[in-house]
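**Student:** Okay, handing you the structure first.
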Amino acid sequence: MLTLLEQLDKGTLWKIPGGIHPPEMKSLSNASSIARLPLFDEYLLPLPQVGEQASLAVSVGEQVLKGQSLTRGAGHSYLPVHAPTSGTVIAIEPRPSNHASALPVLTLVLKSDGKDDWCTLEGANSDGANTKSVSSEGVNAEKVDIASLSRELILSRIQQAGIAGMGGAAFPSHIKLSPASEIELVIVNGVECEPYITADDRLMREHADDIIAGLEIIHKLLAPKRLIIAIEDNKPAAAEAMGAALNRSHLPAGTARVTQIPTKYPSGGEKQLIQIITGKEVPSGAIPAQLGIVVHNVGTLFAIRDAVVFGKPLIERVVTVTGNTVSKPGNYWVPIGTRVTDVLTYCDFQSEPSQKIIMGGPMMGYALPESKVPILKGSNCILVPASDEIGEMPAEKPCIRCGECAVACPASLLPQQLFWHAKAEEYDKAESYNLKDCIECGCCSYVCPSDIPLVEYYRVAKAAIRHDAEEKRKAERAKVRFEARIARLEEEKNAREAKAREAAEKRKASMVGNEKDAIAAALARVQAKKAAKDDGAVSGVAADGAGAGASVGLSAAVSAGVNNTAATPADAATTAADPKAGVAAAIARAKAKKAAAQAEAGESSAQDQASTDMAAERSTEARADVNPEPSAAQDPKKAAIAAAVARAKAKKAAAQGLSSASDAQTSDAPAIDQAIETGAEDSASNNSDENNANAAATVTPEGKEDPKKAAIAAAVARAKAKKAAKAAQNDGVDAPAADTQDNADAAEKNVTDIAESAGTDGAESAGTDAKASETLTPADAKKAAVAAAVAKAKAKKAAQAQAQASNLQQAEDNEHSSSQRDAQLAQSDNAAEAADVSEIADIDVSNVSNVPDAADGAVAENAAPQADQAQDAEQDSKKARIATAVAKAKAKKAAREQE
Amino acid sequence: MAFRISSSPHVRKDTATQAVMQKVILAALPGLAVQCYFFGWGSFIQVLLAIAVALGAEAAVLKLRGRTIKETLNDQSAILTALLIGVALPPLAPWYLVVIGTIFAIVIVKQLYGGLGQNLFNPAMAAYVLLLVSFPVLMTTWAAPLGLGADNAGFVDALKVIFSGVGAPAFALGIDGVSMATPLDTLKTDLSMGLTATESLQKPIFGGSSTGEGWVWVNLAYLAGGIYLLASKTIRWHISTGLLGALFVCSLVGFALSPDTHASPLFNLFSGATMLAAFFIATDPVTAATSRRGRLLFGALIGVLIYVIRTFGGYPDGVAFAVLLANLCAPLIDYYIKPRAYGHRGHS
Amino acid sequence: MSGIMIAVILLGLLALVFGAILGFAAVKFKVEGNPLADQVEALLPQTQCGQCGYPGCRPYAEAIVGGDKVNKCPPGGVATMEKIAELMGVEPEPLSATTEQQVKKVAYIREDECIGCTKCIQACPVDAIVGAGKLMHTVIAQDCTGCDLCVEPCPVDCIDMIPVTQDLRSWNWKLSAIPVTQLEEEKPC
């Protein structure tokens, strides 16, 4: 048993299954030597990697030199695109691609200046850089000594030269040349088995030494045990030239040889060539490197040598132009990016009716729907056959299962089974017949007596399978993400509940020590309830959503000495914005003061605790909401937005401060320590918040100068207004809860007055905020757009308000039922729970369907016309809001009366 | 400037279904000629009649199905089917046999399954089996070979016999020596009557050649046609080789074990429709297995079945049944025998 | 009489034995979850769009198994509906919603109009929108299922559903679908 190396040295060849012998038609183009084309006007350079691994290095209008890199990038598979000649970039836009679909791709359009000036080439001598054709002057130039270059340098030069496989697949060569595993065998593919094409044949005949120089570079890079140059036996001249060049080379004796293989299509396929030379098969789905084999095209070797020795990028290649409709068939050095139509015109192309332009050979090439497409690195042939040469495809006839396709298939597939399944779109079955191993060589279609375009069916099937797999993957991903989201929401909910529970436990713990107080409180509450009933009308109005602004106002009033540092800026802002609001605030303050004084008397510690906890909870929640996501951090407008966030926080903190402040003022002896603690904490946080608020204030005016910033500021303001409205609703729910408690504890109906004024104030300040956002915009360039947005936002808000109005009723109901229970149980902490319940009910906005509750029937009816009105009043959003507020208030009142 | 687009490959080998069919028909002509030489003009008339009926029936069905008639008839597959029915029927069988058989083959077995390429069973053989079970006596009465009975029926006589039945008695069963059972039938009858194979082979029908007078020449003619088909790569060798090889091996084993009750391998290979089946019937690609190994197995299955039916079955020749049974197995064979695709060595 | 008794006792015993076997089997071979629902879910496109009236694909899959109609999934299109109908052994029905949804789309946020309200982020069932309060949001096109759910909540209507275009990699190789462009006004080649 001979080892593989011995067999390689002997030149043993293996047989591949299948294969065909189509007419070669090579004599049409292989007689003359490779010619040069004149400079054309326009070159098209597709930029497939731009937007992924690469970015543009030039812009429209820029002058570029020949060989200059037009893209920048760093990725492993990045390949730069170079200018094929000097000139001006006149456009970078989608243009039809050199592809069977001609779908447009991003293309750089280069207008030649006719000078063809080289840029300075890195690593090349000056002669090389100034010579118009480095490739043709061969050994005369001062070569860079390959031996002196490091492996990394060679690889980076190959990458920087943008060298991709020139056999057709255009796979980046530097990746193939830096394999993960050891390479034992390098096969040089000079087979060129496709009919008509002679580009590699001519290149081998004319530039054998340069190709071998490229092979030496590969030998240095990979250090394989053997290098085999495979050439089909219908190209004896090329084989001879390569053999002679090999003898002149510096490659170690016995490592490299030229092997002639029998002419048969598709011997030049990578997998088939490996099978012929070594008898091994590349496992399905694997790459040859896993067998320790790499295959390189002769054209690639030539380009590698140019790149490494001269630093010359891959900007031109040999293209066979052939077919009976050109009068000058032959091989040409065509700059990459030359338009196919220019090449054809130069070769005196006489178009026939329903002409076909085939990129590549007749077996695997694709017909171009459009001729103004560029030559690519993998384009080896333009075939323009006359109609008597390659005619119209005959119509497809039924398959008679003759099995000729299976005989011809070089991959030993069953093409007819694939065809049945592909045609019936049973792609899973087609896959089970190894559709993915089809190399689309076209042998099956070639031999088919029924003229079935088998390869087309396979391509469609493959594309569909790819598409399905992609869809499947996406669906799977969507599912995972959806489930992750559900889990996250669940977790957040649990966390919230856990916190609520914790708070409740804390309350309970403190309750144990104050049982007496609790009983007193309960008694007080019963009284309060009576009072509240009498005072139904007032408290109904009080139920109106109290805005954060209102709380601020209230806090300013109540805690004038203690905590007004936090409150004042916000308050002042409100006042400045709207005198009316200011007046309202003043009234509120006055009322609040009165209320506070009276409340002082009978505040129980338990209630204090409850409200403090609640406020704390709310503020944490709010903070969590506002917390920007990490991705946002990069935004330059971060500062302004952060400031806005801070402002919101300040407000919340102020609200918090209100409750704690009142605690501090009114608390009984047992709770006093705790209250002081909270107060201290609050004031600390308020101080920091105040700073933030100030920062916000300074940022906002700045924003005005910049139209964009102003727009954002406006948007921020709008959002703020919205939030205020929302907060108003939240507070509206919370406030009544507090009301009930206050009533119970203090038996003071004046407290409802506070709440009332707070509500008014809230509505006012919410409006003011909205107005402020409007006043910000006039100077703005984008005013119109933003105004529209504002209007839209307002309209939406109005609609929302309607929904929430009814929602509020529900919350109210819940609350009342629980407060009743409270009275019976004489447990003050239940009131806090009730507040929680109502809060949750409010959060559950999506639960709108529950609104027309039986108990609320009358109320809902009452509110509905109002809400309708609100909807209609799109132009006057303020009116609408007030109307809704009134509706809400009425609803609440009704609810209370019902109770 | 709009250019024509089409999928690769852009060149096609110059073969067409029509050409394939033509070659097969051409290759069958020597066999037909020899058959006519030994058994009179009957076969020729049957073939012509079958072709006419087949084309008519196919055209009618295509019209009903709303398909293009001319293009489909052009593929000549109907003619080939008709030819095979024609040569398989007894030369002097009445006209309605061939008409029924052909219509059945074309309309039911082929077109109702979806036309060319879609039929599960070999149409000619399905028709043959239908006729065999429907008209057993008529189907097993073969014309006497040349030199054994009276003079061969002339063209006009044959026409008369086939279309009017007039003169049929004159050419009727064995005693008159014009029409008689085939050698296979004779051997089977004799063996069942207790005679040894050697004794049976002494009978005049075997003509001393121990394969049957005339039949050996018919088979040789079909073999020649088959070799032409192989040489022109119209058919591949797998099915034919499988069939003949299996038949040979089976009959060799039988003959070696019991020469008295089994015919020799040569007798089996060169009598009846063996060669016709091996090169013209079993090789119908539509109803055969598709992979190379599958086809070898498919052929071998037919060979074994032919031998089993000839030796143990109730019918003298088992080609038709064997082919139909193998047709049934073809999808199964295709399912289990797939060629190992490139790159799937060692795994899967 | 005794015959009847024997029959009754025997049958009773048999019933007991079989009951025990059934009970044992019910415990021993209990299948967790609903495998049919899993299969149906695997066929659904996982857009989580809720157009079927259920909050996500899984609930709809369970509803189908529970006897709901198979034609409520517009993103899946006719193909999905037919597959589900086949799996469930019911007659395929025409899609309930309009068939215009057949084209795959992804959401796109016009970023200079976005006010950063985070409403779309909350609406997105697959968390395919990134952004934070007051910051511009953007859609991760790769993860977008084209469910439309973010379009409605946007207060400034800055979200568009854009059909996914074919590129060279996703081209379906249907040659007959290439529009033949006539460029006669330019000089013929």
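Cβ atoms here come from the backbone N, Cα and C positions, even for glycine.
As the structure is a computational prediction, the values presented were derived from the model and not from experiment.
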**Student:** Name the residue range among B:73-89, B:107-123, B:158-174 that TrEMBL annotates as transmembrane segment.
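**Tutor:** Of B:73-89, B:107-123, B:158-174, TrEMBL gives transmembrane segment for B:73-89.
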**Student:** Name the range, of those listed as B:73-89, B:125-144, B:319-337, that has the largest tally of Cβ pairs under 8 Å with the transmembrane segment (B:38-61).
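**Tutor:** Counting Cβ pairs under 8 Å, the winner is B:73-89.
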**Student:** Does the transmembrane segment (B:125-144) make contact with the transmembrane segment (B:238-257) through 3 or more Cβ pairs under 8 Å, each pair 6 or more apart in sequence?
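**Tutor:** Result for the transmembrane segment (B:125-144) with the transmembrane segment (B:238-257) is no.
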**Student:** Any residues 6+ beyond the ends of the transmembrane segment (B:319-337) with a Cβ under 8 Å from its own?
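**Tutor:** Contacts of the transmembrane segment (B:319-337) (Cβ under 8 Å, skipping residues fewer than 6 from its ends): 88, 120-122, 125-126, 128-129, 132, 272-274, 276-277, 281-282, 287-291, 293-294, 297-298, 301-303, 305-306, 309, 313.
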**Student:** Go through B:73-89, B:214-231, B:263-282, B:294-313 and flag the stretch with the largest number of C-beta pairs under 8 Å relative to the transmembrane segment (B:238-257).
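**Tutor:** Ranking B:73-89, B:214-231, B:263-282, B:294-313 by Cβ pairs under 8 Å to the transmembrane segment (B:238-257) puts B:294-313 first.
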**Student:** Given a Cβ distance threshold of under 8 angstroms, which distant residues of the chain, six or more beyond its ends, lie next to the transmembrane segment (B:214-231)?
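**Tutor:** That would be 23-24, 26-31, 33-35, 37-39, 145-146, 182-183, 207, 237, 240, 269-272, 274-276, 278-280, 283.
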**Student:** Mind checking which residues of the chain, 6+ beyond the ends of the transmembrane segment (B:263-282), have their Cβ under 8 Å from one of its Cβ atoms?
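**Tutor:** Same-chain contacts beyond the ends: 24, 27-28, 31, 84, 87-88, 122, 124-125, 182-184, 187, 197, 201, 210-212, 215-216, 218-220, 222-223, 225-226, 229-230, 235, 239-240, 243-244, 247-248, 251-252, 255, 288, 298-299, 302, 306-307, 310, 316-317, 319, 322-323, 326.
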**Student:** Just counting, how many other CB atoms are there within 10 A of the CB of B:T182 (FMN phosphoryl threonine)?
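**Tutor:** If we count other Cβ atoms within 10 Å of B:T182 (FMN phosphoryl threonine), we arrive at 22.
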**Student:** Helix, strand or coil: which one is B:T182 (FMN phosphoryl threonine) in, per DSSP?
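**Tutor:** Reduced to three states, the DSSP call for B:T182 (FMN phosphoryl threonine) is coil.
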